[in-house]
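Notes for the one structure printed next.
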Amino acid sequence: MSSTQAQASKTLYGERVIAEGELICFDNPRPERPYEISIELPEFTCQCPFSGYPDFAVLRLLYQPGSRVIELKAIKLYVNSYRNCTISHEEAANKILDDLVVACNPVWMQLEADFNPRGNVHTVVRVSHGSRQPC
């Protein structure tokens, strides 16, 4: 067995699934009706670009779908892909929102990244796209 094959065989199932993941959407079953979808992802992790320490956050996504809806397993795997990513709180929230907007083109979307306090500092980053419609 070559060293490349040995390395590939050491890749854990979850790591492989995360690496292969993509944001998948499906057709909105009720595109004529304004409604909101709320998704909470309580286990977001990334790495601080300054200290290298892990950062933990709860992501709260609220959106009004257009013609497409985000598939839940796909968003879970996408969010898990940030685990070893060195990125600031602000860039993480903005990049995630941008990627979700490209994937599903919502009428309106808001992402709140509520980071666990570290060093007595609690950070919440809230970003949005589009105009919220009455439901």
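Cβ atoms here come from the backbone N, Cα and C positions, even for glycine.
Annotated features in Swiss-Prot:
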ACT_SITE  Cys48  active site, thioimide intermediate
ACT_SITE  Asp55  active site, proton donor
BINDING   Ile70, Glu71, Leu72, His89, Glu90  substrate binding site
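Shown here: features listed in Swiss-Prot, placed on the structure.
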residue: Cys48; record: active site, thioimide intermediate; contacts (Cβ under 8 Å, 6+ apart): Pro54, Asp55, Thr86, Ser88
residue: Ile70; record: substrate binding site; contacts (Cβ under 8 Å, 6+ apart): Leu23, Ile24, Cys25, Ile37, Ile39, Tyr63, Leu100, Ala103, Cys104
residue: Glu71; record: substrate binding site; contacts (Cβ under 8 Å, 6+ apart): Ile24, Cys25, Phe26
residue: Leu72; record: substrate binding site; contacts (Cβ under 8 Å, 6+ apart): Ile39
residue: His89; record: substrate binding site; contacts (Cβ under 8 Å, 6+ apart): Asp55, Ala57, Ala113, Phe115, Thr123, Val125
residue: Glu90; record: substrate binding site; contacts (Cβ under 8 Å, 6+ apart): Val125
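Maximum intra-site Cα distance, substrate binding residues Ile70, Glu71, Leu72, His89, Glu90: 24 Å.
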